[in-house]
Amino acid sequence: MHELSLSESIIALVTDCAGLEGVRHVSRVTVDIGEASAVDPQALQFCFPLLSKGTVAEGAELVINRIPLKVRCADCRAEYRPDSPIAPCPACGSHARAVLEGRELRVVSFDGA
Ligand SMILES: [Zn+2]
């Protein structure tokens, strides 16, 4: 499961940073997850507490910011947020585009003491 290894990565990163900052208990971890990142937030919420057991992040709240998909049309350069993953450009009907936002997968911050 993708979310399992993602949870491991998040916890590893937080554990490393907490160690550097002398944080002994992390109470909250905030992550950005793009809608086009193919990560299921519910699965992530499920995996995170299981994998954080015995780490500095045990019992921490996981806050997930969903970043909507935003693209730029390759033909007319219009920027838009598609209603569905296969929606064409509303200005010219083209399907050619570049993703600007929505593939985020990152730890934004964590709180602890
Ligand atoms: Zn267009």
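Using the three backbone atoms N, Cα and C, a Cβ is placed for every residue, glycine included.
Whatever TrEMBL says is automated annotation, not expert-curated.
Features of the protein shown, as given by TrEMBL:
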- His2: Ni(2+) binding site (BINDING)
- Cys73, Cys76, Cys89, Cys92: Zn(2+) binding site (BINDING)
Between His2 (Ni(2+) binding site) and Cys76 (Zn(2+) binding site), the C-alpha gap once rounded to whole angstrom: 35
Other same-chain residues whose Cβ falls within 8 Å of the Cβ centroid of Cys73, Cys76, Cys89, Cys92, the recorded Zn(2+) site, in sequence order: Ala74, Asp75, Arg77, Ala78, Pro88, Pro90, Ala91, Gly93, Ser94, Arg97
Candidate with sparsest Cβ neighbourhood (10 Å radius) among Cys73, Cys89, Cys92, the listed binding-site residues: Cys92
Those binding-site residues in His2, Cys73, Cys76, Cys89, Cys92 whose CB falls under 6 A of ligand 1, listed in sequence order: Cys73, Cys76, Cys89, Cys92
Residues that sit under 8 angstroms from Cys76 (Zn(2+) binding site) by C-beta distance, when 6+ apart in the chain: Cys89, Ala91, Cys92, Ser94
